[in-house]
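The following features are taken from Swiss-Prot:
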- THR230, ALA231, GLU232, GLU284, SER384: L-serine binding site (BINDING)
- ARG261, SER262, GLU263, GLU348, ILE349, SER350, SER351: ATP binding site (BINDING)
Amino acid sequence: MLDLKRIRTDFDAVAAKLKTRGVSEDTLTTLKALDEQRRALLVQTEELKAQRNIASAAIAQAKRQKKDASQQIADMQQLAANIKVIDAKLADIDQEITSIITVLPNTPHDSVPIGADEEDNVEIRRWGKPRQFDFDIKAHWDLGEALDILDWERGAKVTGARFLFYKNLGARLERALYNFMLDEHLKEGYQEIIPPYMVNHDSMFGTGQYPKFKEDTFELDGTNFVLIPTAEVPLTNYYRGDIIDGKELPIYFTAMSPSFRSEAGSAGRDTRGLIRLHQFHKVEMVKFAKPETSYDELEKMTANAEHILQKLKLPYRVLALCTGDMGFSAAKTYDLEVWIPAQNTYREISSCSNTEDFQARRAQIRYRDEADGKVKLLHTLNGSGLAVGRTVAAILENYQNEDGSVTIPEVLRPYMGGLELIKPR
């Protein structure tokens, strides 16, 4: 959430930044006007409360002197009525301010490229060269069915579209991948967490999914619970409402969890395969950092995600997302896209973001600076390390062989009992 004081004092700069994210200046002008009304009403109510205190003292003195205080009592009752009217106006204005400020996206960092959509993202670097095949390649969904390791038909029967069963060596490959990913992140100083797979609405607000993106989630009717769309939500909210000792920062968390997405608005997109599912595993990275180090931490986090792809020897590229393509809470985001041969393109497999103090303000996550003893908002970062199902898709396609088998990447073989190939059964 943005700082209302910052909008008030640096209106033009904030408006210019938010314009690049599709927010009209009229919205901010309305917000500014409401803020001015609110502050004026606060002055009025404080003046009336001061008058009420004077009237109360006059009544007490009159009673001590056994004098008639009926006029003072009438005056105080009128003051109380006026205060009540203003308080009601303040409550309405506060609600209007909240309805606007809670759906404003984060302001982009100065280094973020300005653009409207994914076409304006900027490629930063590439790693690895896509393999040149001398045979007709198959898509990962065809490979998965032929190898008897992925079963969409029964997934659709048991649940519905965009669900599947991993089976046999498919299940082992998935498990090997997320164990490998977690082990690599632990080497980089991350603490492993197994979080709840349901969170409450306050947690969804804290990380920015609520109120704006409720349609993208699965809520449990009649409860305060939501199935997590990403482990970012429980991991970040671990410290919601807390004050952390500054000496403990930075703090790194990692977790493997299922992620649940309604995929609202994705009808007709990626209807086959592992790219877009309602339920998928993802290894998440979350960091809590001081503001002065958070952008160094973003580079490290991105490198952590890249390290996984490099160890798996999967070609990828890194993009700096433009202002129009970044997520709601992000101030800066790098996307990692892995090469998918059957689609002859790169597809997103990780997104690493610095939200600065945007989530911390919503969730009230603060730290006590050991230098001056002051309590301040910290910066939160999050990133995929990696999306497991999409990594399975990339391995199946990049490591496929002419005979229909798939070579298991070397780094995963210790996790799969030394197996080197997934062969047709």
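Placement of Cβ uses the backbone N, Cα and C atoms for every residue, glycine included.
Taking the C-alpha positions, the distance from SER350 (ATP binding site) to GLU284 (L-serine binding site) comes to 9 Å.
Between the listed binding-site residues, namely GLU232, GLU263, GLU284, the fewest other CB atoms within 10 angstroms of a CB are found at GLU263. Taking the mean position of the Cβ atoms of THR230, ALA231, GLU232, GLU284, SER384 as the L-serine site, the remaining same-chain residues with a Cβ inside 8 Å of that point are VAL233, LEU235, ALA255, SER257, SER259, LYS282, VAL283, MET285, VAL286, ASN382, GLY383.
One residue stands out among the binding-site residues ARG261, GLU348, SER351 for having the most other Cβ atoms within 10 Å of its Cβ: SER351. Under 8 Å, Cβ to Cβ, and six or more positions away along its own chain, SER262 (ATP binding site) finds GLU215, ASP216, THR217, PHE218, HIS278. With ARG261 (ATP binding site) as the anchor, the candidate binding-site residues are THR230, ALA231, GLU232, GLU284, SER384, and the one with the nearest CA is THR230. Of the listed binding-site residues THR230, SER350, SER384, the Cβ environment within 10 Å is emptiest of other Cβ atoms at THR230.
GLU284 (L-serine binding site) carries a strand DSSP state (E or B).
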